[in-house]
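Here is what TrEMBL says about this protein:
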- B:35-57: transmembrane segment (TRANSMEM)
- B:95-313: domain 'ABC transmembrane type-1' (DOMAIN)
- B:99-120: transmembrane segment (TRANSMEM)
- B:129-150: transmembrane segment (TRANSMEM)
- B:183-205: transmembrane segment (TRANSMEM)
- B:232-256: transmembrane segment (TRANSMEM)
- B:294-317: transmembrane segment (TRANSMEM)
């Protein structure tokens with residue numbers, strides 16, 4: 001028995017040692033002299049490679065006493081990783097922002113470090129709207145988020161395959177600007193080649209919705225696309241003429257086999273691959289896809305604005321929302337080193353990201369100097385130009401962020417992308433009625449949340465959502 | 001080992017024939033044996049408490065809070081989350097789909113896996129190891145990978161469409177996962193195929209317990225294969241069948257990764273299941289903060305429904321055994 005106990009104790013000691021070794025933190029000083037390790041977790045596919053292979057090595061070369069340990073977690077996994085890190089009290093020193101866990105919520109939880117000294121006197125160099133309250137600046141007037149990319153993202157564009165156009169006897173001059181032109185050109189392409197006209201990967205309905213809502217803005221500009229917020233009405237409106245007509249246009253493309261039949265089952269990564277392999281002449285996708293296509297070796301493509309009903313201008317509202325930012329753990333033991341890294345990002349990192357085709361930076365001057373003149377640079381320029389400054393209720397009242405938090409999970413679950421998918425498969429017959437219900441649910445959630453927040457002693461009213469001084473397509477000045 | 005053996009041997013002797021000193025020694029040894037038993041149970045018990053009981057208890061706690069999954073539990077919501085879940089048509093749609101999937105998989109899986117198990121046990125005896133391995137392969141394959149691969153197979157440009165067009169059955173590619181009915185059928189078929197090997201092994205284990213003399217007697221009485229199956233094999237296997245049914249039902253009610261990777265719940269929620277519905281609210285909201293409290297309430301409601309089904313099946317098993 002004693003012999004057996006010895007084995008048992010040895011096994012426990014061995015397992016414990018392995019567990020301790022496995023769980024030990026590497027953010028503290030390592031054994032290599034005074035080298036300090038800082039941890040970083042990000043979620044942007046387009047930037048991860050550049051940060052890992054170019055920015056971090058450059059930084060470590062300049063700062064041999066600091067090592068940056070990068071961890072990436074993409075798409076749906078990032079929210080879970082962040083939730084777990086916040087709950088477990090083991091946030092990395094630097095981590096990416098995510099719309100599902102807004103900066104304001106993390107600020108309320110007291111897990112964020114102030115970053116005023118990182119931005120310093122460069123505040124004015126950033127694009128207008130960057131330092132919006134509730135977005136990057138919190139109630140105490142300090143900056144808590146370091147914007148890593150321009151707020152003028154993410155827009156949708158139309159990519160075209162030059163080779164297929166050529167095979168169909170067309171040129172870049174024939175790239176359609178209106179829906180009728182798109183139908184006509186696509187039919188010509190389908191007659192002369194094996195390719196379909198249009199491809200949109202909407203297994204995740206937000207992709208088709210992104211394109212659709214932008215097209216809808218040319219018909220119903222009074223409602224901010226993508227957020228369905230009507231600044232003049234002070235409410236949410238999904239059942240606009242623009243949205244309904246755009247859904248019907250998708251259905252027309254689907255019925256007339258202009259839309260690739262796989263579209264509804266392709267995820268955001270599969271659709272560009274199919275487009276690159278010549279299965280369709282046009283691809284509706286996000287601006288971020290341009291650099292991925294080039295990275296995957298496909299260069300023979302061009303980019304243009306999405307076609308709209310009559311070829312009219314489309315837009316997306318820029319409401320000062322943080323599109324992509326880096327946040328710092330309040331409990332970091334190495335703030336000095338973290339600050340060095342963020343300053344490096346500001347001074348050299350932005351430039352590297354723009355040059356290598358990740359996204360535009362939040363500093364317009366850097367974009368002008370460093371954006372490439374190839375298709376990737378052109379795509380980001382189109383994206384940048386799509387955004388127009390628009391009202392945000394938070395400009396009226398900072399308590400709006402509390403209402404937004406209160407509304408979380410209580411609004412409509414069905415998105416416009418879902419309604420589109422349902423309409424294409426015949427499960428939704430009454431588009432207007434379905435969208436009207438979505439509007440009703442959203443507005444009820446808003447009214448209830450305002451009541452709830454007001455009930456807790458905060459000054460807030462539905463009139464904070466109204467902006468009578470706004471005109472669509474005109475940049476809104478706060 | 002040797003010590004345990006001694007203890008067991010000594011325990012088997014009746015106390016009455018031993019002296020009081022020996023009885024006392026026996027009692028001490030018995031107590032020690034019990035302590036050892038508890039020591040061996042302890043790790044499993046700890047895992048059970050930490051990874052099963054604690055999450056169940058906490059999901060009940062979270063369900064009465066308006067909680068996004070981070071920060072303190074300070075916004076008590078009472079039964080509001082439950083009211084919202086019960087009033088949400090999307091929850092009942094996912095609930096209905098989950099039961100359709102469960103019924104489809106069970107109806108498809110149980111008879112087919114039984115037939116193959118009988119074939120392996122009787123006709124294909126010589127090469128049974130090969131077949132068992134082949135049919136068990138999907139069981140050990142990661143479900144998410146199966147989902148991704150099958151999505152490619154059933155896509156418009158996938159192997160199935162190419163094959164059907166090559167043999168002239170269809171003129172143009174069909175979007176199998178783009179239609180609500182075919183998407184659900186494909187999901188059921190792949191779900192059944194994935195666990196076919198496991199069910200077959202359960203049946204084989206049951207078939208091994210069949211008394212040979214009864215089967216021989218049936219053969220001697222002139223029963224054909226169908227008669228043997230109908231009047232001998234199935235009645236004897238019925239208690240085993242009920243356990244297999246229970247396992248099949250409980251596992252298929254918790255389908256998640258296959259749906260997430262194969263259809264994502266689409267098109268238009270036609271293959272949405274409760275576990276996916278919960279996942280969306282807990283970790284993957286379309287906008288705003290996650291709703292862990294609401295997701296927990298949905299989990300509790302569905303958990304109670306599954307529990308009711310399991311109780312019903314448990315009652316059926318008992319009835320079958322009694323009869």
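Any Cβ shown, glycine's included, is placed from N, Cα and C.
In TrEMBL, annotation is done automatically, which means it is predicted and not curated.
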Query: Do we see three or more Cβ pairs under 8 Å linking the transmembrane segment (B:232-256) and the transmembrane segment (B:99-120), pairs being at least 6 apart in sequence?
result: yes
- prompt: Can you find at least 3 Cβ pairs under 8 Å between the transmembrane segment (B:183-205) and the transmembrane segment (B:35-57), where each pair is 6 or more residues apart in sequence?
  reply: no
- line: Sequence-distant contacts of the transmembrane segment (B:99-120), meaning Cβ under 8 Å and at least 6 residues beyond its ends, amount to 128, 131-132, 135, 184-185, 187-189, 191-192, 195-196, 199-200, 202-204, 206-207, 229, 233, 237, 241, 244-245, 248-249, 252-253, 255, 271, 273
Query: Who are the chain neighbours of the transmembrane segment (B:129-150) in space, where the CB to CB distance is under 8 Å and they lie at least 6 residues beyond its ends?
result: 116, 120, 186, 190, 193-198, 200-201, 204, 257-262
